[in-house]
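Let me begin by presenting the structure, written as structure tokens, before commenting on it.
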């Protein structure tokens with residue numbers, strides 16, 4: 001068992017890699033200069049949605065979510081939902097690994113992608129098979145350094161920031177603002193993972209704690225988005241594949257120390273390590289596979305399949321289109337609808353017991 005603080009760090013580290021890095025170019029593509037407004041408006045909606053997650057947690061009584069569904073609604077409802085969640089988690093892990101191999105191709109262009117994929121998979125496998133405690137402990141050790149580096153790059157780049165680039169506000173009306181909201185939403189709704197992990201949490205979860213995690217997730221999305229706009233301008237930032245990490249290229253210490261962007265590699269690796277470990281751990285966990293040998297076999301097969309898919313000759317443009325137009329919008333809408341469905345199930349179950 002782990003406590004809520006540890007799980008919160010895992011969720012922040014996992015969701016941070018998508019909201020801090022992956023969604024920002026797509027958000028800038030659709031909302032441009034007003035991307036930061038999209039995040040602020042969405043964050044207000046997000047704070048309203050978080051109590052829905054808490055209500056589901058409260059009335060499932062810290063039981064395994066899918067055990068609760070099976071007990072109350074049977075396999076006819078539970079198995080289709082479980083299948084969709086498992087498929088979503090597999091795609092999520094594959095997308096994360098694919099993005100990682102693309103990012104590392106900038107730094108290690110001559111290194112075979114399969115080698116990088118296998119090395120990362122081996123490290124993640126070792127972490128996953130040791131359980132949620134291992135994932136939580138490694139996150140607690142690695143993530144604070146990521147936060148420190150984030151504050152460092154923010155402070156170091158103050159001389160390069162021009163906040164006048166945030167204006168004019170809503171030059172093209174509300175339409176671009178609304179279009180961009182779907183991308184940070186894809187990361188925000190991953191807070192629902194707390195329900196998949198609730199049977200591993202030994203401490204009581206409070207609504208205020210979930211709201212604090214939500215505010216942190218909103219902050220780590222808003223900060224780099226504003227930074228990209230004020231440092232590069234909305235048009236240049238939108239043309240960059242990873243504007244968050246391009247910010248590291250601006251960092252220098254005095255006259256003689258620069259090219260510190262290698263530190264971004266640590267940030268990325270930590271985020272990906274946490275995210276892949278969490279996502280792949282959840283698959284046998286939601287399937288309630290208890291035997292360690294069977295769990296290890298499932299984890300191994302999943303990681304091997306992910307590496308094979310990631311080294312297929314798929315262009316980055318096609319992959320970017322898939323993320324932007326298919327996966328992220330479906331993820332955001334799908335997880336939101338899933339949370340609403342759980343809320344309905346909880347309400348019906350509660351009224352049945354009263355009757």
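Heads up, the Cβ atoms here are built off N, Cα and C, so glycines get one too.
In Swiss-Prot, the feature transmembrane segment is placed on 180-197, out of the ranges 180-197, 234-251. Relative to the transmembrane segment (106-128), the listed stretch 299-321 leads the set 69-91, 180-197, 210-232, 265-287, 299-321 in CB pairs under 8 A. Of the ranges 69-91, 180-197, 265-287, the one with the most Cβ pairs under 8 Å to the transmembrane segment (135-157) is 265-287. Counting Cβ pairs under 8 Å that are 6 or more residues apart, the transmembrane segment (34-56) and the transmembrane segment (299-321) reach fewer than 3 and are not in contact. Between the transmembrane segment (2-24) and the transmembrane segment (299-321), fewer than three CB pairs separated by 6 or more residues in sequence fall under 8 Å, so the two stretches do not touch.
Counting residues 6+ beyond its ends, the transmembrane segment (69-91) has Cβ neighbours under 8 Å at 196, 279-280, 282-283, 286-287, 302, 305-306, 327, 331, 334-335, 338, 341, 345, 349 in the same chain.
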